[in-house]
Every structure is written in structure tokens, then in C-alpha cells.
Amino acid sequence: MTTTIRSGRLSGWESFCNWVTSTNNRIYVGWFGVLMVPTLLAAAICFTIAFIAAPPVDIDGIREPVAGSFLYGNNIISGAVVPSSNAIGLHFYPIWEAASVDEWLYNGGPYQLVVFHFLIGICCWLGRQWELSYRLGMRPWICVAYSAPLSAAFAVFLIYPVGQGSFSDGMPLGISGTFNFMLVFQAEHNILMHPFHMIGVAGMFGGSLFSAMHGSLVTSSLIRETTETESQNYGYKFGQEEETYNIVAAHGYFGRLIFQYASFNNSRSLHFFLAAWPVICIWITSLGISTMAFNLNGFNFNQSVLDAQGRVVPTWADVLNRSNLGMEVMHERNAHNFPLDLAAAESTPVALIAPAIG
């Protein structure tokens, strides 16, 4: 009989595995983190370089490049990483697919590099949240809550461009680019009249309201552990078992302010509601973006309201329709991209004499 005694020294691979999965590290790495770190670094580095120095991009595919970087006259507000060209469409466009680096830059290759690495990175961040919760014996609801902004990012950076047929329709990576995306989205899909967007607004504003209400109620019903001359914050010790506020007092106040059943008498159900309300609403909004990506748009009221004599009764819907058309015209300023809902109508003369050119 042969007995094998294993050496106490670990191999390099075993040491690496122990380090990756250790919860004693100052910052937990995890197996998802092994992929998250390089992808997010690649996205951040490419974004920074492109924001500073990228040349203009032929976003519409019509040889009219749009500049988005600092070196081409933009500032922190107007700057953006411009989406890849409409000539590329939905083709995967890594740097080795272009004939040269100049061509790759001209067609907006950095946008795809940033977006794809970013999406992989934030998926790994979600997985890392679950992994750390699992190793600490916690429930997985933190990563479930994070899935709400994750779904929103996938909706605007991947699902919407796929539905529209080109990554040039993706959201530009910049402040003014984000607002431009919002205006164009409203013009083409009437998102303000989509019920899923309305639910998202209720989630955002409602979540902010509920958060402020909860914080103010807790702060107003703290159990005093300090003197008048000390900060109330010193009355709490990290890890203490005792409640730091009186939930009975908060429940009684809010129940009398509105009505009894508007107030939670269970701290766990209260905090679940505070997490679930905005998360579910953002999920629904992301679903709305994903459906509008395939042109299942918001409600439209293109037919004006008429009175008994056939006269148009002006409504807010008419104002909204005109603003949508105006935004669409400004966005698609070239004749061959002219909005179909305007081009299909009878031409209306706006000048009696054609202006002389030159």
C-alpha cells in the first residue's frame, strides 16, 4: 500500500483561485470580476481617448462627418463618442475589419468597442454582486435591484439599435448626445404617450418621494442616545442590535397624516417596497424602449378633434404632434431622409419667389 502525502504548498493556480474567491480582500474580485476588470478598463480607456481626440464620424453614412471630441471644438457638454456609421449598420465592426485605423475611426469603430465592452462589464458587475452575496450567505436581491439599470443600458445601447437596423441609432456617449437621443426618440416614437414610459416616470419620481419620506420619518423618530450638545449621529454604534429609531412612532405619525393603512408596520416589507417600486418600474420602461425599438410606438392622436361644423378643435395632442415633426425635421435635415409623414402631405408654398443662390 502506498500513501501519498500532499505538500502544504499550493500551486500558483490554487493560490490564484483562493485570492479571487476570498472575501477577506479589501475589494472582492470574484470570477466575474476577472472578466469585469479588463472589459470595463478597455471601455473606459477607449471612451476617454475618443472623447478627447477622436476624428469626426460619418454617423449618417452620407459623407457628412460629425465631430464629437475635444480636439475638434467640443466641450464637456457638447462632446460625445459618436455612434458608428449608418453605412456599417448592424455589422460587428472591430478594428481588424477595417482597411485602416483611419477608416475604423471615420466609421465610428470606437463606439462599438466602448459599448460592447461596457455591456459585458456591467453584466459581470451584476454577476459579481450575486457571487459576493452567495459567498457571504446573503440573499441575492442586490443584483436583482441592479438588473434595472442594466436592462435600461441594454435597451438603449443594444436592443434599440438592433430594432432600428443600425448602431448609428444608438445613444451617443455624451451629455448633449443623450439629450439628442431623447428628443429624436420622442419625435420618432412619441415615447411621452407610451404607458410604459409613464410607469417609469412614476417609478423615478415615486421612488425619490418614498426615499425622502422614509429618510425623513426615520430621522424624525430617532431614539435619543446623546445630549443636546452632541450630534444625534453619535447615538448609533456600528453593529448594534438595538433599533436606532422608533418605527411605532413613525407608523403612528404617517398613519395619522394620511390614513392608517398607508403606513407600513413591518420594517422588512417597507424596505422591500422601497426597493421593488423603482426597480419594477424601470424594468417596464426598458421593456417599453425595447418594444418601441421595433416601432410599436406610443399613442398618437394624428387625427385632430373636429366640431359639428368640421372645424379643428385645438388640443394638446396637436401641439405635441407639431413639436414631434419639428424635432424630426431638425434631426433628419437631408432631403432623402425627410420625414415620411411630412413628405407624404401636399406641398405648402412657403415663398413666392425662389431665393437667388450665389
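Yeah, the Cβs are placed from backbone N, Cα and C, and that goes for glycine too.
Over in Swiss-Prot, the protein carries these features:
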TRANSMEM  28-45  transmembrane segment
TRANSMEM  117-132  transmembrane segment
BINDING   W125  pheophytin a binding site
TRANSMEM  141-155  transmembrane segment
SITE      Y160  site 'Tyrosine radical intermediate'
SITE      H189  site 'Stabilizes free radical intermediate'
TRANSMEM  196-217  transmembrane segment
TRANSMEM  273-287  transmembrane segment
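Feature map: annotations from Swiss-Prot on the structure.
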| residue | record | contacts (Cβ under 8 Å, 6+ apart) |
| --- | --- | --- |
| W125 | pheophytin a binding site | F32, M36, L40, Y146 |
| Y160 | site 'Tyrosine radical intermediate' | D169, G170, M171, I289, S290, M292, A293 |
| H189 | site 'Stabilizes free radical intermediate' | M292, N295, N297, G298 |
Most Cβ pairs under 8 Å with the transmembrane segment (117-132), selected from 28-45, 141-155, 196-217, 273-287: 28-45
Y160 (site 'Tyrosine radical intermediate') in three-state DSSP notation: helix
